[in-house]
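First the structure, in the form of structure tokens, and then the observations on it.
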Amino acid sequence: MKHLLSTKGLGRAEAIGLLDIAEDMADVANREVKKLPTLRGKTVVNLFFEDSTRTRISFEAAAKRLSADVINFSAKGSSVSKGESLKDTAQTLAAMGADGVVIRHPASGAPEVLAASGWIDAGIINAGDGTHEHPTQALLDAFTIRRRLHGTASRGTGLDGVRVTIVGDVLHSRVARSNLWLLTTLGAEVTFVAPPTLLPMDMSGWPAAVGFDLDAAIAAKPDVIMMLRIQAERMNAAFFPNSREYSRRWGLDDVRFARLAPASIVMHPGPMNRGLEISSEAADSAASTVLEQVANGVSVRMAALYLLMSGDREDS
Amino acid sequence: MKHLLSTKGLGRAEAIGLLDIAEDMADVANREVKKLPTLRGKTVVNLFFEDSTRTRISFEAAAKRLSADVINFSAKGSSVSKGESLKDTAQTLAAMGADGVVIRHPASGAPEVLAASGWIDAGIINAGDGTHEHPTQALLDAFTIRRRLHGTASRGTGLDGVRVTIVGDVLHSRVARSNLWLLTTLGAEVTFVAPPTLLPMDMSGWPAAVGFDLDAAIAAKPDVIMMLRIQAERMNAAFFPNSREYSRRWGLDDVRFARLAPASIVMHPGPMNRGLEISSEAADSAASTVLEQVANGVSVRMAALYLLMSGDREDS
Amino acid sequence: MKHLLSTKGLGRAEAIGLLDIAEDMADVANREVKKLPTLRGKTVVNLFFEDSTRTRISFEAAAKRLSADVINFSAKGSSVSKGESLKDTAQTLAAMGADGVVIRHPASGAPEVLAASGWIDAGIINAGDGTHEHPTQALLDAFTIRRRLHGTASRGTGLDGVRVTIVGDVLHSRVARSNLWLLTTLGAEVTFVAPPTLLPMDMSGWPAAVGFDLDAAIAAKPDVIMMLRIQAERMNAAFFPNSREYSRRWGLDDVRFARLAPASIVMHPGPMNRGLEISSEAADSAASTVLEQVANGVSVRMAALYLLMSGDREDS
């Protein structure tokens, strides 16, 4: 693997291969010394054009566990904020010897521009670009589902026939998009449930069922229900009446949670708005995978950094 | 030791044990390679809900000298500032594999909530919570006094009979509180000197003498005089008339400094307001321990991280 | 070498010695594991009183490649911004065990004050002070010129007879000053070209020719043309009419670029304002050394950190 830019472009074998390596990485977390020497002498730059402490420290922990050096580059207050082009920033990082770049950017497509440009030879990982993709989030979600379903015997398997319902602000969510592509590639069936104002106008080509009624979706007994985070800043943007109304119609409250099938799992990418899109009872239940998702995030990011930065990196 | 939350709950033997380990750590600073492999593969998270560069870099230096990986998590601009609960933050750090959490928080008691919660199994160190406690500051102060009194032969000893006068804004000072509990546990006698408006209304249960007259306190020839930092933001809060008046009545100026006993020591937690609570002559004198306090701070924090994060960590 | 504060005080042999060590460091960048154990157990503090992400991460990469621990101390939001003196900050860093301090400061002369003070024993590197000096920038520029001229056979050589034209805001540029002293020490001939309003009133003692006409300067076929960055904040300061006028008269546009001698090189310290002081064609041409300057910056800073912090550090 040369870059990790999207899940849309990820083949099934490649995706399963990455998840299998993440299983190996998860084992490292149980060792007394949780460090591998794999990336010693390599430098990972966290190039964040948007604040995201959770994602940044997950990548930072993953890189350090592989013995890489980490340099945090926040675009705020830097020459980038003074109008330096992405090209000049990228070439500068390349010249400084960056072996991997984890990029978070408000513009959809920025990581692909970076990877296609030839400005930098380093492996590029998309850590969230606009409303486009957030591939490591989808990979950690798939990893989490696979582990819940198959346990440690999950190596080599996909998610064939698993029914996943994703609920909330699909319109603005790169998490929803990345999950759609990856989960369907792995054989799962995806249903989106959202208010009409929070769905894209044109969903042609999206291999997803769509519904507007969360109660009906729950009555269909999905294997997985994934609640998306509501961004507070959308609240005043006329996408829905108010937070109480949203919670009443599209939140996973205690009543809806009780109607889920006993074996189904509840996911959330975090950070959660408890009481808005998800109740505390649901979030803290045995069905919830919220914290497993965080832990698996480090393993999946270790796998991605390993594939992109170790000597075994492929040329295409 | 499982957590280090306060000095109020610290027993005498436990406190002396920590100071003795800090003596060992201080020896490391004199080696050619100032690094111990003790915490290799462990991760320390500096979780700072308030800015405090001095305290953060002291813990960062201590952790790195023990070969731990350090991740700085400033709550500003993070999901925490968007309203994520302390519970969700803590569980996230736990899931990422944090072995130790150094927490600075504006709310008194937040570190104890964290430690008691079960949200995270990591060792918790309180790096200052509201007006409550700042235990590593008190430990480094006690360490500094002990070294000045007994030199390198101080291992195993307390501070029995040492008379310590603490001057300034006791009302808002977690440093004053942490010192009161630790110093009396170690056998010292503590006197607070402050304007009446800068003392708590209810000091019942505080094992301290109280005075309002700094000249009288100095005439009593204390072994140690500790000047507290005046926060500029209190100045306009009607706690005292103005900075000139404060300095005239409760500052350690050159005249008062000259009246101290020759063997007495002058302490300040830093950063100092020179010319306000302390004169430059006092701050830079041979009696001053201000810089020893900083150096000892790294040793004491190494000892605390070692006790909480090495394999020998106790369960209670 | 004890400190690196300016190029004005740097002797020819000393400068060539540093450039030769930087050649060795550049070789490290080609190794599989780009790390030397040289500074293991040493701590470098990046003490930045002004934001400068590029310079900070260049020093950070250099220090980590030498296995030093790096602590970033941004003065924003710290006690420094609350009025702590440089003296107290420096003594605090010394007490914490800093072995090297990389300082960026808005006040000209601050690094020299620090080095002369005795407040801290660590090696001090000036990473830019006001309009005074930025010595590692000049050293990386000299290194870049030397490599272009002599290739890998450049060890031990100076820049005798090389003709360098520096164009732009000389008045405010520490890069121009540091280059002037170093390049002339190494035997080069320096010409400044600038609008009269962007030249110092008094240039007596400056070993530089001065011109106001960029076309005439280019007609003289310099070996090197170095374009200075225009600070956007100067634009409204009545130093020149507007950016279009500036670009027309003092920018390296495509027409001027085409008139340069085929073997001449184009330099810029970055970040560039493309289309203002330099055209994209010039910036991205084979004559441009912009990215080599960045890469060489890491090597030169490794050499400086090595000279100041390794066991071989001289006492004067």
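Cβ coordinates come from backbone N, Cα and C, glycine included.
Where the annotation comes from TrEMBL, it is an automatic prediction and has not been curated.
C:Arg104 is the residue from C:Arg104, C:Arg163 that TrEMBL records in the carbamoyl phosphate site together with C:Arg54, C:Thr55, C:His134, C:Gln137, C:Gly270, C:Pro271. Residue counts for the domain 'Aspartate/ornithine carbamoyltransferase carbamoyl-P binding' (C:2-146) under DSSP, split into helix (H, G, I), strand (E, B) and coil, are 64 helix, 27 strand, 54 coil. The CA atom of C:Arg174 (L-aspartate binding site) is located 6 Å away from the CA atom of C:His134 (carbamoyl phosphate binding site). Pairwise Cα distances among C:Arg54, C:Thr55, C:Arg104, C:His134, C:Gln137, C:Gly270, C:Pro271, the recorded carbamoyl phosphate-binding residues, top out at 17 Å. In sequence order, the binding-site residues near chain A (CB to CB under 8 A) are C:Pro271, out of C:Thr55, C:Gln137, C:Arg174, C:Pro271. Taken through DSSP, the domain 'Aspartate/ornithine carbamoyltransferase Asp/Orn-binding' (C:160-308) splits into 61 helix, 25 strand, 63 coil. Mean pLDDT across the domain 'Aspartate/ornithine carbamoyltransferase Asp/Orn-binding' (C:160-308) comes to 94 in this model.
C:Gly270 (carbamoyl phosphate binding site) counts 20 other C-beta atoms within 10 Å of its own C-beta, drawing on all protein chains shown. For the carbamoyl phosphate site, the Cβ centre of C:Arg54, C:Thr55, C:Arg104, C:His134, C:Gln137, C:Gly270, C:Pro271 serves as reference, and the other residues of the chain with Cβ at most 8 Å from it are C:Ser52, C:Ser58, C:Ala127, C:Gly128, C:Pro269.
By neighbour count, meaning other C-beta atoms within 10 Å, the densest spot among the binding-site residues C:Thr55, C:Gln137 is C:Gln137.
Highest local Cβ density among the binding-site residues C:Arg104, C:Arg229 belongs to C:Arg104, counted as other Cβ atoms within 10 Å over all protein chains shown.
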